Amino acid sequence: ISETISFPCINIKSPKFSISAKMASLLHLQFIFLIAFLLISTAISNNCSSSPAPISGNTHFADCTDLPSLKSSLHWTYNSTNSTLAIAFAAPLPSSDGWISWGINPIKPSMIGTQCLIAFKASNGSMIVNTYDLTSYTSITQTDKLLFKVLNSKAEYSNGVMQILATLVLPSNMTTVNQVWQVGPAVKDGTPVAHKFDPDNLKSKGTLNLTTSSGGDGKNATAPVPAGGGGQSDNKTGGSSRIWSNNTSFYVFIMFLGVLFF
């Protein structure tokens with residue numbers, strides 16, 4: 001008579017090995033979620049962590065900067081060959097009926113003397129971009145006679161953030177511009193109401209160096225034209241800028257390494 005002797009311990013997995021496997025699997029999953037979060041954050045950010053304009057993801061620019069006030073950002077491409085400057089200025093609105101503005105002062109970085117584009121929602125809900133000459137702290141004058149020519153412009157709005165996209169023709173051989181930006185609380189009878197005079201509002205000015213470019217020296221960059229839609233436009237084109245999406249490529253590479261080695 002033969003007896004079969006079993007050894008239960010042979011078929012029992014080591015608790016230590018089981019726990020280690022579960023921890024590795026959990027870490028792997030957390031790593032994937034982390035990379036996915038970084039990718040999503042990069043895609044929807046409202047600053048210079050992404051090369052596209054914050055709202056119009058299909059419009060790319062050679063350069064961008066986080067402006068030092070009003071939680072705003074500026075994307076731009078400068079073409080020295082034809083002196084065109086394409087910009088996307090974005091800032092959160094102080095109220096749903098508010099306005100945003102970006103402009104150039106030909107003399108110095110100051111509000112008085114600035115020629116600007118102001119965007120806001122009309123009473124019918126459409127987006128409007130008008131050009132103004134800021135002649136005093138209490139009044140503004142709507143005008144088409146500016147230092148620069150506006151080839152096209154439009155405004156967009158999403159999740160509390162408004163954006164101006166425009167292509168401007170600057171005087172030739174201009175290497176720097178005195179930029180002034182602003183946000184306001186409301187629009188009354190089609191005219192923007194005066195903004196606050198808080199410290200953040202008063203320091204919304206600076207100098208933009210057009211010859212310094214993170215995407216190149218600017219000589220080969222061409223100005224992208226904002227996508228069609230609301231706002232002003234004379235349908236003139238300006239080409240498209242080179243696209244540098246280093247952040248997204250980096251995160252995709254990290255995700256690949258995570259899948260490969262975990």
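The backbone N, Cα and C atoms fix where each Cβ goes, glycine too.
What TrEMBL says about this one:
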- 204-214: compositional bias 'Polar residues' (COMPBIAS)
- 70-184: domain 'DOMON' (DOMAIN)
- 200-240: region 'Disordered' (REGION)
- 23-44: transmembrane segment (TRANSMEM)
- 243-261: transmembrane segment (TRANSMEM)
Cβ-Cβ under 8 Å with the compositional bias 'Polar residues' (204-214): same-chain residues at least 6 beyond its ends: 62-65, 67-70, 72, 74, 76, 78, 80, 85, 105, 109-111, 174-182, 221, 244
Counts of helix, strand and coil residues, the compositional bias 'Polar residues' (204-214), according to DSSP: 0 helix, 5 strand, 6 coil
